[in-house]
Amino acid sequence: MIKHLLSRGKLLLFVSVMATSSIIAGGNAYGSTAFTGVRDVPAQQIVNEMKVGWNLGNTMDAIGGETNWGNPMTTHAMINKIKEAGFNTLRLPVTWDGHMGAAPEYTIDQTWMKRVEEIANYAFDNDMYVIINLHHENEWLKPFYANEAQVKAQLTKVWTQIANNFKKYGDHLIFETMNEPRPVGASNEWTGGSYENREVVNRYNLTAVNAIRATGGNNATRYIMVPTLAASAMSTTINDLVIPNNDSKVIVSLHMYSPYFFAMDINGTSSWGSDYDKSSLDSEFDAVYNKFVKNGRAVVIGEMGSINKNNTAARVTHAEYYAKSAKARGLTPIWWDNGYSVAGKAETFGIFNRSNLTWDAPEVMKAFIKGIGGSSTTTPTTPTTPTTPTTPTTPTTPTTPTTPTTPQSAVEVTYAITNSWGSGASVNVTIKNNGTTPINGWTLKWTMPINQTITNMWSASFVASGTTLSVTNAGYNGTIAANGGTQSFGFNINYSGVLSKPTGFTVNGTECTVK
């Protein structure tokens with residue numbers, strides 16, 4: 001795992017999100033999760049809401065330009081497909097080196113900045129989280145005492161510009177201070193580095209966090225990810241990590257291509273799934289959990305995945321188990337996709353074909369989403385009870401409990417409590433139109449339990465009258481397509497006593513089925 005990572009130096013990522021007051025693309029107004037404010041909630045809640053992620057690798061991190069490493073220009077349609085598959089976080093790799101001026105100001109090229117921002121808004125348009133970092137900056141970001149003064153000065157200038165540009169974005173934008181900072185070319189580059197390297201990385205993390213916080217606004221309380229040396233989960237690197245200012249809104253960033261000989265080494269094993277394999281992976285996650293999560297420090301696995309060795313069955317088993325095991329320990333995994341999927345070659349982490357908007361490894365993707373506890377809207381739901389040829393279908397006699405028995409309810413609502421903590425909870429609501437005509441503009445009403453109060457809502461607006469709540473679509477999600485189209489919104493609540501679901505749901509005055 002460690003040496004192989006050296007060869008993928010070009011494949012790592014920087015995710016950047018920037019602040020705009022209004023950007024329009026494809027007829028949709030950006031901002032569904034862009035300007036939601038920054039909540040004062042535990043970092044673990046944010047990580048839980050991120051659920052599972054996908055890296056737009058080898059694109060904005062490509063040296064020289066967006067398409068220099070063979071991937072097409074990023075489109076809104078690409079990110080739509082990622083969201084439809086079940087991913088809730090976009091990590092967007094960006095290299096700033098080559099797009100900034102000389103010392104002492106290191107002025108970032110605004111055309112580059114705005115392109116990164118445009119792509120990030122594709123994700124916000126899909127109610128996603130976005131991570132922004134510094135990616136391939138190894139030419140100047142060197143973890144040595146001799147380089148420390150110069151690097152700190154440049155880090156401060158660069159992060160100050162990025163943070164100021166993104167100041168108005170809410171807590172669905174997460175900054176990541178660096179990507180895999182390490183002593184490039186050293187014999188211990190991928191094996192923990194030296195004490196000097198680890199200490200200087202801690203100082204760089206502190207410099208970046210302080211620069212971000214100093215810009216004020218939402219950045220004063222924004223959630224920020226910081227890596228260990230090389231983003232390694234080795235005991236040496238995680239034990240020596242120092243959290244800047246012991247900031248409660250700092251999240252640990254790790255990369256875990258585990259196990260290396262299966263996930264990354266083209267000459268390694270192509271099989272995975274034994275009891276030993278699973279217990280070994282569990283042990284790696286346990287070490288991270290016991291060091292950080294157990295002690296109140298949230299963790300995101302910013303990069304992971306497996307390469308294509310003509311071993312789909314093993315990759316499916318690995319992807320599902322990896323996601324399930326990570327989630328059980330409160331870790332959010334983000335798949336590294338570099339757009340390269342040719343079987344039998346090195347670095348073939350690609351699972352999504354950006355040229356034709358299809359999945360190169362659909363089974364792997366579905367297993368990964370399944371493991372995290374989600375489902376892909378790109379996969380039609382199959383009936384659990386097949387119709388037998390001896391029993392003709394009749395409109396008056398439903399034959400299986402999986403078939404809706406209320407044909408008059410053309411709309412169904414899924415009310416899902418996605419997370420709860422103490423006296424608070426997060427809820428996601430999805431409205432599905434099973435009818436044959438689109439819904440153009442919707443108002444969803446329900447009766448709230450008397451012990452619950454909504455504190456904030458995104459992708460919709462609400463009015464409360466007693467215990468009756470009326471929720472109306474935002475400007476960009478008012479149309480729900482016919483024959484299975486969906487729109488979603490979410491909110492947080494405070495509650496006392498038992499956390500129960502509301503009752504009496506109607507959409508535009510008509511009762512609907514509730515799940």
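Any Cβ shown, glycine's included, is placed from N, Cα and C.
Record features, source Swiss-Prot:
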type	residues	note
ACT_SITE	Glu180	active site, proton donor
ACT_SITE	Glu303	active site, nucleophile
COMPBIAS	377-407	compositional bias 'Low complexity'
DOMAIN	404-515	domain 'CBM2'
REGION	32-376	region 'Catalytic'
REGION	372-407	region 'Disordered'
SIGNAL	1-31	signal peptide
Helix-strand-coil residue split for the domain 'CBM2' (404-515), DSSP-based: 0 helix, 69 strand, 43 coil
Mean per-residue pLDDT computed across the domain 'CBM2' (404-515): 83
Rounded inter-Cα distance in Å - the residue listed as 'active site, nucleophile', the residue listed as 'active site, proton donor': 10
Cβ-Cβ neighbours of the residue listed as 'active site, nucleophile' (radius 10 Å): 29
Number of other Cβ atoms within 10 Å of the Cβ of the residue listed as 'active site, proton donor' across all protein chains: 27
